[in-house]
DNA sequence: ACCGACCATATGAAGTTCGTATGATACCTT
DNA sequence: AAGGTATCATACGAACTTCATATGGTCGGT
């Protein structure tokens, strides 16, 4: 925890490091986006398709409308994304048993090994990188990443609305 | 620093936390990509355009070819991206004074305030979030973000080549 | 049983992507 | 110094993607 009061030098350092983190985070974002782009082209999908696939895997099963709300993408665009994901065998579209207008998106597992292989370089690098930290540091990092994701979600929602 | 030897319980915890970090990182990546998408549409650009703009701002001035190499995007696609960035007043294309085939890309500052405003929500959230950490924790985080970016760069290059 | 709301997708215009072609310039080899 | 090859940025065009709007089916309240 940060102490109740900090001396001037500490405050200066805090400000400098915070700025560095925010700048690096933007650079990380760019780099991950380029990584994602390479990933996409290797499996014959567009960049956002993988984003949607990830949401379906993580938070599914869910409906196209729910996915539209969560991602902020256009509904008609989503139909195209889901067409590609379905054609590629990444997801299934099931009819909702209750609401017959609705569709339920379910992630399939068939192509996971293929995906895992594309991730293996990044995965190995991360494992190596993480061994350099204490368990306490790892928990700090885990917490930071989770909370930054939350911040990203709010910021995205604000832009989607505004 | 991690101690030379860890007991079994600590090892278990380390493994669990590392996995959590990697999973959260993927989620962060998705969230940042969706944020980036909203950002892009607000300034009438495509997602990758902002990635390229960021690289030009951070590592420029540089040539289209250098940018193609750094990002792994297709050269013909890059022409389109640069057309949009130039038309929008984000960058200038200067002729290289030495190599007359070449072009040098230079970031302009005119629209930075506009961009800054779109970032302000995320920026404020991050500032709030970061006050919850000690200076030592902040440095751990800064280091982690930098090294993860490096890992991402290598992993991207591997996919681009392979 | 109606009616307004909602769900997913169809439609088509405008724009994007990417393999390949082009024209200009640089540089190496002899 | 001239020829040939490589490299630079962009043009071209076919295939595809995106998105505003339209459509047809289904739901739920009254």
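Backbone N, Cα and C define each Cβ position, glycine as well.
According to TrEMBL, the domain 'HTH marR-type' annotation covers B:18-150.
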Helix, strand and coil totals (DSSP H, G, I; E, B; other) for the domain 'HTH marR-type' (B:18-150): 94 helix, 11 strand, 28 coil
Integer mean pLDDT for the domain 'HTH marR-type' (B:18-150): 97
